[in-house]
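Let me begin by presenting the structure, written as structure tokens, before commenting on it.
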Amino acid sequence: MKKTFFIADLHLSENRPHLTELFVHFMQTQAPQAEKLYILGDLFDFWIGDDEQSALIETVQQQILQLTQKGISCYFIHGNRDFLVGRQFANSCGMELLPTYQIVNLYGKKVLICHGDTLCTDDLAYQQYRKKVQQKWLQWLFLHLPLKVRLKIAEKIRQKSKTDKTHKSIEIMDVNKDFVEQIMQQFQVNILIHGHTHKQNIHQNPPHFTRIVLGDWGATASVLEVSANGFQFI
């Protein structure tokens, strides 16, 4: 039976090699069973440009390339940590970059997919930050800085993000349900798949909509399998 896999929020980094091992294991054992793989953002804990080179980046690039060379399509939606992943990296591994919101047809079902950070509209500080860093001129400027400078900036942003989270309520960092319903009506879908919040679950709200939240990767992987039989985490 044909199936499609969805993953998100792996937050791969040199500091957590066990996550890379989990990813490699998934890519070599489970991923080849699918016809398509969707990565819904934050594959990397941070990304400072396609010109950066490291053992981690090479490993991920090779794993995705091996998958796409087998004829399995791989798609990527940017997360809040790796929104600077560019066409150079994507092309090097045969991966297709998708926009912030994308409608896909999954075995007869019309589904909206996204990373999920745009759904957290109650987090006003983050939404203001996102609006700034999504400006093309600012991204161009950042990507033309020396790698060492970019790395320092990324580390400062990451540390600030950790600090900010300790002062924010859980409710603020979760999706705004009214906005979720609004965006689903806008795209005329009743099924949504997203990540970002790390709260793996399948929310059934008949007859209105189904919202599937991908989990983050930690001690184990979080993989959503979609087939003609429906949705399940494996």
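Cβ coordinates are placed from backbone N, Cα and C, and glycine is handled just like the others.
Residues or ranges marked as Mn(2+) 1 binding site in Swiss-Prot: Asp9, His11, Asp42, His198. Among the features that Swiss-Prot reports, Mn(2+) 2 binding site is placed at Asp42, Asn80, His115, His196, with the record citing sequence analysis. Residues annotated as substrate binding site in Swiss-Prot: Asn80, Arg81, Asp123, Ser161, Lys165, Lys168, His196.
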What whole-number Å value do you get for the CA-CA distance of Lys168 (substrate binding site) and His11 (Mn(2+) 1 binding site)? 21
Rounded to the nearest Å - Cα separation of Lys165 (substrate binding site) and His196 (Mn(2+) 2 binding site): 13
Would you count the other CB atoms within 10 A of the CB of Lys168 (substrate binding site), including those on all shown protein chains? 13
If one measures from the C-alpha of His11 (Mn(2+) 1 binding site) to the C-alpha of His196 (Mn(2+) 2 binding site), what distance in angstrom results, rounded to a whole number? 11
Which are the residues of the chain, Asp42, Asn80, His115, His196 excluded, whose CB is within 8 A of where the CB atoms of the Mn(2+) 2 site average out, their centroid? Ala8, Asp9, Leu40, Gly41, His78, Gly79, Arg81, Gly116, Asp117, Gly195
